[in-house]
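Engineer: Have a look at the structure that comes next, please.
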Amino acid sequence: MDKGIIFLAAGGTGGHLFPAEALAHELKASGYAVHLVTDSRAERYAGKFPAEEVHVVPSATIGSKNPIKLAQSVWKLWTGLRAARRLIARYKPRAVVGFGGYPTVPPLLAATGMGVPSLIHEQNAVMGRANKMLASRVQAIAGGFLPEGTGAFAAKTVTTGNPVRPAVSEAARVPYAAPHGGPFHLVVFGGSQGAQFFSKAVPQAICRLDDAQRQRLKVTQQARPEDREGVTAAYDKLGIPAEVSPFFTDMAARIASAHLVICRSGASTVSEVSVIGRPAILVPYPYALDHDQAANAAALAAKGGARVIAQAELNAERLAGILSDAMNTPDALAQMAANARETGKPDAARLLASLVEAIASGSTVAKFKEARS
């Protein structure tokens, strides 16, 4: 059954594309054709994204105070807006859904200007800059961590949770096995683009563990390309079996195999760790403009599903102590895993797809909320 085309617009990083991918699978299963509107960075993820077509639209970040760079950004956004208008005129999508990042601005501005039903999904507990620009123009705002009852846009906000990909749903079927004295699998990653801080801190911390604990360890670590060789050499020197790579296509399965996860706290990361149900040490990215990662981490920690430590407070000695305690208290890890799973929203993609269908058919958020209650 062909219900028409839905445009999904997302910035080209995993944090934006992963929830868009999850929604795409749900919409396709419901009979919609999905087109992805994004930037050139999305190429590494395109293989698993179930889009009929992928459209790369020019866009730019507006943040520079340099007048020349500012003019270049404005021109690029204007070029992207014209391109997005042509796409909408050609394909006539039933709705346009934005997932954040500046590449969503041209297609969402085009949609709202041309009368196409539109909504945005905000993954974080704090709304990002691109979504803030669009919030007043769209018909609905779906939130991963945004509360429904507060803020200027409360009337059109629906807390759906963050959609997780089918691979995450599959990984969530694997029960957590508390490591009672046996091998201990540590999984370390920093979001889709890696984290340089972990490349130094984690090997240095493991170096400080006693021999018996190091002999139990197996490490899977995401590292940036420029750090990969150094991280691999550090683990080789310690005799730690380690798999180090800039990108893992099967990250969900690797999280499921972990006894403990150390990671950043982007919205998709927190949502996936929660749905899979694994204990985590969350280290929020300290340079985020809106401190959104700290807010995301706090939401999971409040339920006992993670421990949050600021990067400025985490040195090798402290991390070694945390790892040692974790390896010696498997029952506490199991409880943390159970708490994380309880906070997860495995049906977020289905709920978001229902909201998209409602908006595409001309309904309102008020009617959607009434039907849910």
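Note that Cβ sites are derived from N, Cα and C of the backbone, with glycine treated the same way.
So Swiss-Prot says this about it:
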- Thr13, Gly14, Gly15, Asn124, Arg165, Ser192, Gln293: UDP-N-acetyl-alpha-D-glucosamine binding site (BINDING)
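In terms of burial and nearby residues, how do these features look in this structure?
Structural biologist: Taken residue by residue with DSSP, Arg165 (UDP-N-acetyl-alpha-D-glucosamine binding site) is part of neither helix nor strand, so it is coil. There are 25 other Cβ atoms within 10 Å of the Cβ belonging to Arg165 (UDP-N-acetyl-alpha-D-glucosamine binding site).
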